[in-house]
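Worksheet: the structure to be examined is printed underneath.
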DNA sequence: AAAACCTCCAACCGCCAAGCG
DNA sequence: TCGCTTGGCGGTTGGAGGTTT
């Protein structure tokens with residue numbers, strides 16, 4: 001079985017040149033993403049499929065946000081990591097414009113030591129700010145599919161985020177926070193039980209606890225996650 | 001000025017799961 | 001059911017650039 005890159009002929013490794021980037025970009029623009037095994041041949045590149053895919057996903061793809069993470073992004077990353085552990089692709093899927101590699105690198109270089117320090121403090125009996133978040137109790141929620149808030153959900157890879165919708169009169173129908181997470185139905189997309197009744201759709205949470213998935217800090221709680229507060233506030237403020 | 005050390009991030013590696021014949 | 005291919009993921013590494021001595 002061939003698992004890694006095919007080494008039966010000479011493949012280029014290391015840093016990508018501008019010329020290679022151009023070739024890859026043109027290829028993806030022409031044929032679309034996917035079928036990565038065909039990409040090196042189509043693009044005329046001496047790179048393996050994985051290398052092409054990674055280069056596209058981490059660097060060439062449109063809408064990739066570069067530069068420092070801002071405070072909100074870091075905060076969100078910390079919360080998501082607390083919940084999901086090292087599932088970088090899931091975390092990145094919740095931070096628009098950031099790739100899993102970006103998130104992983106940022107975590108490893110900036111946050112890992114910080115979090116470790118906080119844990120040590122916690123063990124020593126000093127409550128850190130990070131652990132003072134409000135525990136959100138699980139509540140079944142019913143959200144109308146007619147809700148304007150969901151009207152403009154756009155797909156961004158695995159990320160669903162919304163942008164302000166326009167009613168045609170130039171009026172913004174959504175709260176003035178955009179792009180914004182609409183994570184309740186999507187964040188744990190395989191863990192959410194969705195029940196549709198007429199135009200209402202009811203989500204209930206459940207999978208994580210039963211399946212024994214633990215937050216990295218060992219707290220087996222899906223709801224120790226203040227971002228939900230924010231999301232529910234957002235939904236409540238949209239005149240349900 | 002230059003050597004040593006450190007930081008950061010792009011890229012690679014190996015593994016796993018899904019899909020398919 | 002089995003074996004192979006492919007896509008995708010997280011962990012790790014190499015090296016460029018920056019900082020310190």
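Using the three backbone atoms N, Cα and C, a Cβ is placed for every residue, glycine included.
The feature domain 'HTH myb-type' is assigned by TrEMBL to A:8-64 (among others).
Among the features that TrEMBL reports, domain 'Myb-like' is placed at A:11-60 (among others). Broken down by DSSP into helix, strand and coil, the domain 'Myb-like' (A:11-60) contains 31 helix, 0 strand, 19 coil.
The feature domain 'Myb-like' is assigned by TrEMBL to A:61-111 (among others). Helix, strand and coil counts from DSSP across the domain 'Myb-like' (A:61-111) read 32 helix, 0 strand, 19 coil.
Summarising the annotation, TrEMBL assigns domain 'HTH myb-type' to A:65-115 (among others).
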